[in-house]
Amino acid sequence: PRGPLRPLCRPINATLAAQNZACPVCITFTTSICAGYCPSMVRVLPAALPPVPZPVCTYRQLRFASIRLPGCPPGVNPMVSFPVALSCHCGPCRLSSSDCGPGRAQPLACNRSPRPGL
């Protein structure tokens, strides 16, 4: 038997962007995020029953890491923290730790030109 066309929920490497409006530089960095397919079910008789929440690929275990934005003026915190996925699972979407919207065609990117070499 063949598996799903999309890979199942798991940690993957992704390039994200970090910026602060008060700092002149945006930098990109690589971290691990949770991504992939989660099986779901659709009710055949949806009439009187509440909708079944669709599971999303989300963090099971994570840690936080930080990077420093260069060139921030005095008084502006140059540190940006981000989650690093250690393990993932299919579960309910928690807005506190997950982006529950549809997938993006493009990864998060800088609004201004990223600093080269970072």
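Heads up, the Cβ atoms here are built off N, Cα and C, so glycines get one too.
According to Swiss-Prot, the feature disulfide bond maps to C9-C57 (among others). Proximity of C9 (disulfide bond) to non-local residues of its own chain (separation of 6 or more, Cβ distance below 8 Å) is seen for C34, A35, G36, Y37, C38, C57, C88, H89, C90, given in sequence order.
In the three-state DSSP scheme, N13 (N-linked glycosylation site) is classed as strand. Annotation comment: Swiss-Prot describes N13 as N-linked glycosylation site, evidence class experimental evidence.
The DSSP secondary structure for C23 (disulfide bond) is coil. What Swiss-Prot lists as disulfide bond is C23-C72 (among others).
Every protein chain considered, the tally of other Cβ atoms within 10 Å of the Cβ of C26 (disulfide bond) stands at 18. The disulfide bond annotation in Swiss-Prot covers C26-C110 (among others).
Positions annotated as disulfide bond by Swiss-Prot: C34-C88 (among others). Just so you know, the Cβ of C34 (disulfide bond) picks up 25 other Cβ atoms within 10 Å once every protein chain is counted.
For the recorded site, C38 (disulfide bond), the DSSP three-state label reads coil. The disulfide bond feature in Swiss-Prot is assigned to C38-C90 (among others); the stated evidence is similarity to another entry.
Swiss-Prot lists C93-C100 (among others) with the feature disulfide bond. C93 (disulfide bond) has a Cβ environment of 16 other Cβ atoms inside 10 Å. In the three-state DSSP classification, C93 (disulfide bond) falls within coil.
Applying an 8 A CB threshold to same-chain residues 6+ apart, the list for C110 (disulfide bond) reads A17, Q19, C26, I27, T28.
The Cβ of C72 (disulfide bond) lies under 8 Å from the Cβ of N20, A22, C23, P24, P78, each on the same chain and at least six residues away in sequence.
Ranking the disulfide-bonded residues C38, C88 by how many other Cβ atoms lie within 10 angstroms of each Cβ puts C38 at the bottom. For N13 (N-linked glycosylation site), the count of additional Cβ atoms within 10 Å of its Cβ stands at 10 [all protein chains shown].
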